[in-house]
Amino acid sequence: LLLLLEATLLWLASGSYHPFRNGFYYNHVMNDEGTEQEKVVYLNEAKLVVETPKDPIYSSSGSNVTLSCRYHYEPDLEAKRKIRIKWSKLRDDYTKEQDVLVAIGKIYMAFGDFQGRAHLRQSDRREASLVITDVRLQDDGKYRCEVIDGLEDESDVVDLRLQGVVFPYQPPRGQYRLNFHEAERVCQEQGAVLANFNQLFQAWSEGLDWCNAGWLADGTVQYPIRQPRKPCGGLHLAPGIRSYGPRHRHLHRFDAFCFSSALRGEVFYLDRPAGMTLEEAKQSCLDAGAEIAHVGQLYSAWKFLGLDRCDAGWLADGSIRYPIAKPRANCGPAEPGVRSFGFPSKGRFGVFCYKER
């Protein structure tokens, strides 16, 4: 019985179990003139309606979130029906949707990274909400709630957005050295993921201005401009997100726009009178029960915890940076931000460490 149920859930997740769409059965019939036309037949003499929130739902890394989804019939059906529910995540590049969870009655199965983190909330017989625990950076995006009643199939989409910070990233080798897959990897190494367009747009609306083009999660290359200027698309273009469109993921090379969310721990600064080399800095963090911080962790501490330190320090990628929440003399430009001294091959500095709570 368990094997049969599992096979049924997998069949449901595959999306190949029904050739119907939009809540109706489409039947090809002949009209009086002998030509074919589509006739729409309502099943159960009632229309199935699925509803999700129209506004985005906001969460942060490590939190729990509920994606609300409810359904009803027009006109209402009082009889209890055997409903099947499927949740899937839409991909930024519009390729095949990612299966999240399928359910028949009270029995459900979660898939992939959502195993052990996703379950249904069914406080009454017309609710099909998805609960995600321990939210991760890659959970950001649009989710489809699909309700199947026999041959009827209706769905709606809910938008989950993580509160976070976007930062441009260049590797030690310099500008425009990353293909798409390398950009994905370097963001992950910095405690982040490749940003999507919504995240870049939000960062632009909050003041991000960066003239170097970088990869986004959908395989496009874009960059945000607040102050139009000649090297950045021209003086006469309006402020906005400049786009190169989709690029070849193996052959073309650019920088990356990474996205990081709130921290589960703290970032703190350590120093010695004579400073430290990179290796000494890593050991100092270990001695303090921590690890050397990644770039994404420093940006998150600056963005969400107001970390403000006018002292340059090592990070895990070998770069030297410092976060300024309250601009002041001798601490860089007049705007808040994370300052960078690049990737020095030698030198002695302090270090930013990260420790889990």
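In case you wondered, yes, glycine gets a Cβ from its N, Cα and C as well.
Out of C285, C331, the record in TrEMBL bonds C310 through a disulfide to C331.
Of the cysteines C211, C258, only one is given by TrEMBL as the disulfide partner of C232: C211. Around C331 (disulfide bond), the same-chain residues at least 6 positions away in sequence with a Cβ under 8 Å from its Cβ are C310, Y322, I324, R339. Long-range C-beta contacts of C211 (disulfide bond), restricted to its own chain and to partners at least six residues apart, with a cutoff below 8 Å, comprise Y223, I225, R229, P231, C232. Least crowded of the disulfide-bonded residues (C232, C310), judged by neighbouring Cβ atoms within 10 Å of its own Cβ: C310.
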